[in-house]
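Over in TrEMBL, the protein carries these features:
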| type | residues | note |
| --- | --- | --- |
| DOMAIN | A:53-62 | domain 'Uroporphyrinogen decarboxylase (URO-D)' |
| DOMAIN | A:171-187 | domain 'Uroporphyrinogen decarboxylase (URO-D)' |
| SIGNAL | A:1-25 | signal peptide |
2 protein chains.
Amino acid sequence: MFIHLTFLLSLIFILISLKVQLINSLIMQQPFPPLKNDRLIRVAKGLKTDKLPVWIMRQAGRYLPEFQELRREYSFFEICQTPKLACEATLMPLKRFNLDAAIIFSDILVIPQALGMTVEMQPGVGPVLPKPLTIENMKMLQVQGAVSRLQYVGDAITTTRYALKGEVPLFGFSGAPWTLMGYMIEGGGSKTMSKAKKWLYCHPEASKQLLDILTEVITEFLLLQIEHGAQIVQVFDSSAEYLNRQLYFKYCLPYLRKIAYNVKRRIRDTKMDVPLVIFAKGAHFCLEEMESLGYDVVGIDWTLDPEKVGNLFRDKNVTLQGNLDPCALYAPKEELIKMTMQMIKQFGTDRLIVNLGHGIYPDADVEAVKTFVDAVHAIELK
Amino acid sequence: MFIHLTFLLSLIFILISLKVQLINSLIMQQPFPPLKNDRLIRVAKGLKTDKLPVWIMRQAGRYLPEFQELRREYSFFEICQTPKLACEATLMPLKRFNLDAAIIFSDILVIPQALGMTVEMQPGVGPVLPKPLTIENMKMLQVQGAVSRLQYVGDAITTTRYALKGEVPLFGFSGAPWTLMGYMIEGGGSKTMSKAKKWLYCHPEASKQLLDILTEVITEFLLLQIEHGAQIVQVFDSSAEYLNRQLYFKYCLPYLRKIAYNVKRRIRDTKMDVPLVIFAKGAHFCLEEMESLGYDVVGIDWTLDPEKVGNLFRDKNVTLQGNLDPCALYAPKEELIKMTMQMIKQFGTDRLIVNLGHGIYPDADVEAVKTFVDAVHAIELK
């Protein structure tokens with residue numbers, strides 16, 4: 001009787017799965033609406049446009065009253081994991097501002113979750129992983145099937161692509177190997193990332209093993225997002241700032257290069273042409289190396305001087321993205337416009353995607369975001 | 001009767017004060033023991049030595065079991081405020097390691113305290129200022145008499161100078177204006193310093209007013225420490241990393257320059273020759289400017305490449321100080337020695353004070369500190 005019930009349940013499950021797959025493939029067969037505003041994609045590929053494209057890291061987040069409203073009903077990860085809700089959050093900033101891109105509402109810590117780690121989003125604290133990774137429990141990571149457990153991100157992207165109606169391109173994204181390693185070992189944010197760095201100094205082999213696993217999962221995750229409709233993807237190495245040139249050369253650059261190489265190779269086979277973006281916050285010590293990693297766009301954090309970076313990358317085959325200080329959004333309107341104009345002048349308008357130099361802060365003024373976006377679009381390119 | 005009692009108590013108080021002053025001046029008249037190991041002072045002034053001097057930022061702190069022991073009996077600020085205890089903590093690392101300097105046990109937040117703000121040291125959190133500074137309550141700052149309320153730091157320095165018996169020179173120090181402003185407005189540490197930065201963008205006049213007050217108090221505080229026996233003083237701009245070049249030029253460099261200029265001018269009158277050190281953590285965007293601020297030594301954080309910095313400062317009239325990653329102390333002994341040697345080779349041995357690139361972390365291995373210090377001293381300079 002027990003065996004029969006199990007068999008029956010399995011059969012029902014298989015049938016449901018088949019049905020879901022069928023519906024999915026039917027959806028996938030229906031082509032996505034054609035892209036109307038292709039400014040950002042063109043500039044990422046080094047082509048000319050009428051105006052500079054602009055978007056904002058974390059644009060679909062805590063500074064928006066309507067997102068706070070949504071958060072009163074659902075937890076952070078409920079929104080991530082429910083395609084309809086993730087789509088809703090993704091579209092929120094586009095209803096307010098004349099942005100040139102959407103970015104799927106998600107989080108870099110969905111990968112540690114898919115690997116079997118618990119991630120909680122604690123109010124006022126940020127992400128907390130109550131059982132951090134240790135050398136001893138590292139083998140517990142559930143690598144097998146991790147990417148398929150991230151199917152919900154793919155689904156959210158597909159849903160959002162249709163909902164966007166081709167208005168602007170949709171970003172997919174992932175955390176970089178070192179950044180994810182940092183959170184997994186520290187059990188959350190840290191002022192120094194010293195526990196994770198301790199691995200780099202004391203356990204180089206285990207570190208490389210972990211970074212290899214993450215590189216593999218990130219590659220497949222980016223491909224999953226691209227297959228499901230992401231038109232550009234960004235890799236966030238938000239914790240680059242905790243390392244120096246030596247460590248970054250050893251434990252970051254090879255993995256970032258491998259991700260770009262493998263994603264590019266695999267999408268070439270499918271004849272898709274999706275630009276890749278790398279944003280390594282605080283990697284001032286490895287700025288020059290970012291150019292040759294295989295990414296089309298290099299994100300620049302706000303601590304870097306646009307003039308210096310502009311000169312450094314002039315005539316190189318990459319687009320720059322950045323880098324207004326998120327705190328500049330606190331400034332009076334006229335001052336904000338002045339700073340935006342000055343930054344663009346210093347970068348130079350060739351191959352530039354305008355953005356902040358870090359994710360927008362929760363207390364940012366919504367009106368200031370509008371001022372910033374409109375100021376960028378006021379510039380007519382020859 | 002009441003008036004009589006008050007009068008009597010006042011008289012007793014005045015008599016005690018006079019006695020303390022008398023004892024103090026007697027102590028001050030007794031000259032400090034002559035300096036035996038002058039390596040660090042010589043190198044700070046650009047003179048040759050037999051070996052490279054080495055010390056460690058936060059060397060008298062939480063990584064030492066004997067300090068933890070002391071902390072079980074006294075609160076953090078009790079140790080700071082009691083000259084005998086501050087002296088005891090200051091001497092602790094010197095009993096273990098062959099260091100070339102002592103640094104007075106104190107904290108950068110003693111200035112906000114002297115200005116009337118409450119500062120608590122919360123375990124696992126760090127400093128917390130429960131009533132942060134606002135535009136509205138700024139006028140409550142008790143500027144008058146602030147430096148005299150820091151007399152205990154002077155007394156701790158005097159006590160320690162005698163206790164050191166001239167073994168090594170004694171550092172005094174202060175937080176830099178922007179760093180203190182940051183803590184005062186944020187009410188503690190912050191991931192972004194966005195509240196304090198908001199002042200810079202929205203309230204430039206109030207910001208300048210506050211920075212002016214702090215510059216004045218810091219100058220007088222450094223002079224108080226020098227008068228009481230500090231043989232070298234360091235200014236810590238630990239929060240430089242939150243700013244960019246533009247903000248640092250406007251809100252930090254002029255104040256840092258003013259401090260150096262005024263301290264140098266005032267000590268020149270007294271014919272003392274005390275070197276000044278500036279350490280601006282994360283100021284990679286203003287590195288070149290550090291050379292011409294009037295400080296004898298420029299501290300280099302661990303994110304900077306020693307070779308690049310060494311080349312940049314070669315033949316400039318400053319000494320460099322730095323910059324081993326504090327996490328390198330986690331590495332196996334041989335690896336740690338190798339990294340120390342490589343760093344020194346990259347900096348070059350001319351005008352170099354060896355240190356970590358940031359304060360030592362609480363979980364640092366005591367044996368590793370010994371390995372680091374001894375590795376530096378194993379190098380014989382020609």
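Just so it is clear, glycine is given a Cβ too, placed from its N, Cα and C backbone atoms.
Counting residues 6+ beyond its ends, the domain 'Uroporphyrinogen decarboxylase (URO-D)' (A:171-187) has Cβ neighbours under 8 Å at 55, 101-104, 106, 108-109, 111-112, 117, 127-134, 153, 157, 193, 195-196, 199, 207, 210-211, 214-215, 218, 221-222, 225-226, 230-240, 242-243, 251-252, 255-256, 259, 278, 280 in the same chain. The domain 'Uroporphyrinogen decarboxylase (URO-D)' (A:53-62): residue composition by secondary structure is 0 helix, 1 strand, 9 coil, according to DSSP. Taking H, G and I as helix, E and B as strand and the rest as coil, DSSP gives the domain 'Uroporphyrinogen decarboxylase (URO-D)' (A:171-187) the counts 10 helix, 5 strand, 2 coil. Mean model confidence for the domain 'Uroporphyrinogen decarboxylase (URO-D)' (A:53-62) is a pLDDT of 97.
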